[in-house]
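J.: Starting off with a structure, shown below.
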Amino acid sequence: MGTDSTELSEFEKQRLANIAERDALLKKLTLDAQSSGIFPPKLARSSPVSQTKPKKKPAPKKIKKEGEAPVARRMSSRLRGIAAESEVAKRKAEEHYEAVQQAERAKRVRKSDAFSFSEMLVSGQKLSADGLIGVDVVTKGVAMPYQRTFGDEDIEKTADKELKRLREEVSGLQLWEAWEPNRIKVTPERIYTMTFHPSEAKPLIFAGDKMGNLGVLDASQERPVSSIKHEDGDEEEQEDDDDPDPVLTTLKPHTRTISSMHIHPSKPTHLYTASYDSSIRELDLEKTTSVETYAPDSPSDDVPISGIDMAADDPNTLYWTTLDGAFGRYDTRASRRTAVATWQLSEKKIGGFSLYPTHPHFFATASLDRTMRLWDLRKLSHDDPLPVGEHLSRLSVSHAAFNSAGQVATSSYDDSLKIYDFGAKGIASWEQGHTLSDAEMKPDTVVRHNCQTGRWVTILRPQWQANPQSHIQRFCIGNMNRFVDVYSSSGDQLAQLGGDGITAVPAVAVFHRSKNWIAGGTASGKICLWM
């Protein structure tokens, strides 16, 4: 019995070996057949849904521009006659890599030249000076698209009559209906900063993007109504002719991200743009030229600028902060070498700052080191700068915005908006050397707000209306649920603006300085406008 079981076991082993050998042979034959193209490719299954989809518009044919360099095609070393693992192959690969890196570095190098309109133009029409200016000089958040957190029911419950009236007024703002937001693409890349022109004659919006492009939208334009009737021809082509996109202009004054912009009310024809390419440029809106106003002495110095501001009573002095934690001041009327003053205020980046409009020697900074600090320029040492006071948040603070009433609004990654009322503490009468204790620096109001933007959405920053038409101060900020929220200085929500066609988060939100116009910019370079 023992012998039979032993022979059976050996037989079983042989049988399994034969099966394995056969499987290996079949696998090899299948692979050989596939590589020889014997087996036909698998056909995609047709679905009834795909058959009912409307026919997509054919992509426009690409026309090769004259003088355009041919695109380098990939080619194996064997076809180029280079032996595998040879020194020649290694050297050529290294040279190619270095050439690509050099080209990328060249694209990002700051250009200090003055630019004409044609040198900056990326797309769109030529800017007309008259037409352009218009002539008068919660717990940690998870985004839930289109889910409102404020609406008509909240307005109805408002007991304060003036607050209710303001809520109805701001909530009544309507999305610009001339074109859907997904058709108003003013910049090729993600919008980082926006501003309105101070003119009240018409809404004129400027948007700066990640790659240094500057988009311009004149929202006074009307959608053309075509009366042309086509008897034959392609229907889709006729629709395109009858329904053109809005007229936009895109320029490229910088080589890297435009981080901040400012138009001084007394110089409405000049737009200042600050960039990560370490420069501040001045765009003349009448001459449509751009000149470098400030940059480090050496073109190789990399000092990315994170914010820019100007005092209301001084159209000649620029103030800025950097990603290296520095604060700078420059009087453009004087020699650059003698008139530039800088202070190192933080070891980590300053993400945003603003001057106190009525007393510009006071300013507030927001930093990656989790602080909001209040400073006094009248008593600011270059060697050991000390703030008037500081408040530490749980996570980094993105921006600190001052309003004319002496209140500072900040946004922070701890999912909060904080409002500090220094006006009530008598900031306007403080003498040099005045300091605040930690208790006095605590925020007066904290509002829960989802600030978890992630990698692809621009950081949310509050922005006050400079000259509101009532005594109630208000600011706007993007909402991760694809809205723009408006709050009062006491933390009361005034509105949650949305609308059809908003397909991305309007993360960059700005108020017009005096009119109830609000614009939001998205990561796809598109604009939403409420008026």
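Glycine residues also receive a Cβ, built from the backbone N, Cα and C atoms like all the rest.
Straight from Swiss-Prot, here's the annotation block:
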type: REGION; residues: 37-83; note: region 'Disordered'
type: COMPBIAS; residues: 53-64; note: compositional bias 'Basic residues'
type: REPEAT; residues: 186-227; note: repeat 'WD 1'
type: REGION; residues: 218-264; note: region 'Disordered'
type: COMPBIAS; residues: 233-245; note: compositional bias 'Acidic residues'
type: REPEAT; residues: 454-497; note: repeat 'WD 6'
type: REPEAT; residues: 500-531; note: repeat 'WD 7'
J.: Who are the long-range neighbours of the repeat 'WD 1' (186-227) in its own chain, taking Cβ under 8 Å and residues 6 or more past its ends?
T.: 120, 122, 124, 127, 131-137, 176, 178-179, 241-244, 246-263, 265, 268, 271, 273, 275, 277, 283, 456, 458, 507-508, 510-515, 517, 519, 521-527, 529, 531
J.: Averaged over the repeat 'WD 1' (186-227), what pLDDT does the prediction give?
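T.: Summarising the repeat 'WD 1' (186-227) by its mean pLDDT gives 92.
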J.: Can you break down the repeat 'WD 6' (454-497) into helix, strand and coil residue counts using DSSP?
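T.: So the counts come to 0 helix, 19 strand, 25 coil.
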